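Copied over from Swiss-Prot:
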ACT_SITE  Ser62  active site, phosphoserine intermediate
BINDING   Asp12, Ser62, Asp443, His444  Mn(2+) 2 binding site
BINDING   His123, Arg153, Asp154, Arg185, Arg191, Arg260, Pro261, Asp262, Arg263, Lys335  substrate binding site
BINDING   Asp402, His406, His461  Mn(2+) 1 binding site
Amino acid sequence: MSKSPVAIIILDGFGKRAETVGNAVAQANKPNFDRYWADFPHGELKAAGLDVGLPEGQMGNSEVGHTNIGAGRIVYQSLTRIDKAIEEGEFQENKALNNAFTHTKENNSDLHLFGLLSDGGVHSHINHLVALLETAKDKGVKNVYIHAFLDGRDVAPQSSLEYLETLQKAMNDLNYGEIATVSGRFYAMDRDKRWERVEKAYKAIVSAEGEKFEDPIELVKASYANDKNDEFVVPAIITKDGKPVATVKDNDAVIFFNFRPDRAIQLSNAFTDKEWDHFDRGANHPKNIKFVTMTLYNPSVDAEVAFEPIEMKNVIGEVLSNEGLSQLRIAETEKYPHVTFFMNGGRNEEFPGENRILINSPKVETYDLQPEMSAYEVTDALVEDIKNDKHDAIILNFANPDMVGHSGMLEPTIKAIEAVDENLGRVVDLILEKGGSAIIFADHGNSETMSTPEGKPHTAHTTVPVPVIVTKKGVKLREGGRLADVAPTMLDLLGVKKPAEMTGESLIQK
């Protein structure tokens, strides 16, 4: 039977900004997007800060964006939740955190804090690290060591010195805590199974393998001199009196303070997996450690969780399933968890009638080397699916504007957007031919801002609104929309009643 599918099409990191300088979105040749913008109802959506359950002024990100999109409501994000717990004193009494503290006291062992050292608020926040230091000291933990992962991606590429100084000041004020290792997130936070990267971070933390420095600041400066920005700092060891400050040993406790799971899973697995074959963990692999993660990273990570997920009922996938509608989720590796796990409110399993297609992302060092990524392959698979009348609803993500946008390089990002536009045309024209419709929009900004006002590369997400197009003639879109309104709009286009849990509203004016 012929289907007229309704699609959610996410152009990841494709923000809306009037200024064209350093704006890959504005500079790209994108005839298909421009044609849909001219022909169909369009507007903009808020995709940052309070509108997606983040603190005011906080840039949006893919995890948060897809969670809000799928939920059809504003979802209180981990960052906001943990901030609130610290403010209200719940953090200090958190069971999992206190279990880690107790473990070190019972075993006369050390506490190690792993995580991304920045205030980017995408994966972690430095304030949470400072709160952990204060709490551990308050609870009588003797020694605490920090294994700092440098950012340079959700914040400026060379900003780690200020975060190291902030951390140093907090430790000086408390007279407590030391930095033991430093590693760029490229190594410690890989998510693409490039185990040789994770191995470097792991071996620095466990076996003190790597270059040695007495001062983290010197380490970073040496890395800059070597043309390696924060993200790419090779895992290195901090020493005192010629010896490593600390390694993770038998009976120690670890708290991984990243709250976003995807880039914390692999390193956590390296510490917690009983069965392991990705690299040789060596004789120093620590036994009997208490491993605590800030949020639930993945069922594969054997750890206690400080902030368990809040279960969400009636997300888009569940509603479609309950209505007996078939649905497809499709993306390449980099954004596959977003259209599945995050879109389903933190649930790994498919709903009945939900199918998934994963297309592998290209194995290149950085995506500016292959700006088209796997957009053509994703589209080939989807076109085939639509032609065969497989699904009533489609959720598609094009990763390129975000993933290439993170390089801070304008030209490759323009190419990325042009590749996406070509494929967007193939998908949307086919959907229209089938009598279906698409909601085309972004989950957050990035590629519209490729340079800072000083002309330096800008690699982070932004707080700008994102464009939205609904490819249906004869309707009007209301103003003031946000990401939480996308799922209700999809249901509206499908003629399905919105459940009470979805507090977002359809963008289509009644």
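Just so you know, glycine gets a Cβ as well, placed from its N, Cα and C.
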Residue among recorded positions Ser62, Asp402, His444, His461 with Cα closest to the Cα of Asp154 (substrate binding site): His461
Listed in sequence order, residues with CB under 8 A of His406 (Mn(2+) 1 binding site) and six or more positions away: Gly13, Arg153, Tyr367, Asn446, Thr459, Ala460
Distance, Asp12 (Mn(2+) 2 binding site) to Asp402 (Mn(2+) 1 binding site) (CA atoms, angstrom): 5
Lowest local Cβ density (other Cβ within 10 Å) among binding-site residues: Arg263, His444: Arg263
Binding-site residues compared (Asp12, Asp402, Asp443) - the one with the fewest other Cβ atoms within 10 Å: Asp12
Neighbouring C-beta atoms (10 Å sphere around the C-beta of His123 (substrate binding site)): 27
Among Ser62, Pro261, Arg263, which are recorded as recorded positions, the nearest neighbour of Asp443 (Mn(2+) 2 binding site) by Cα: Ser62
Count of other CB atoms lying within 10 Å of the CB belonging to Arg191 (substrate binding site): 16
List of residues, in chain order, with Cβ under 8 A from that of His461 (Mn(2+) 1 binding site) and at least 6 apart: Gly13, Met59, Gly60, Asn61, Val122, Asp154, Asp402, His444, Gly445, Asn446
Between Arg191 (substrate binding site) and Ser62 (active site, phosphoserine intermediate), the C-alpha gap once rounded to whole angstrom: 14
Entries of Ser62, His123, Pro261, Arg263 which, being recorded positions, have CA atoms within 10 angstroms of Asp12 (Mn(2+) 2 binding site): Ser62
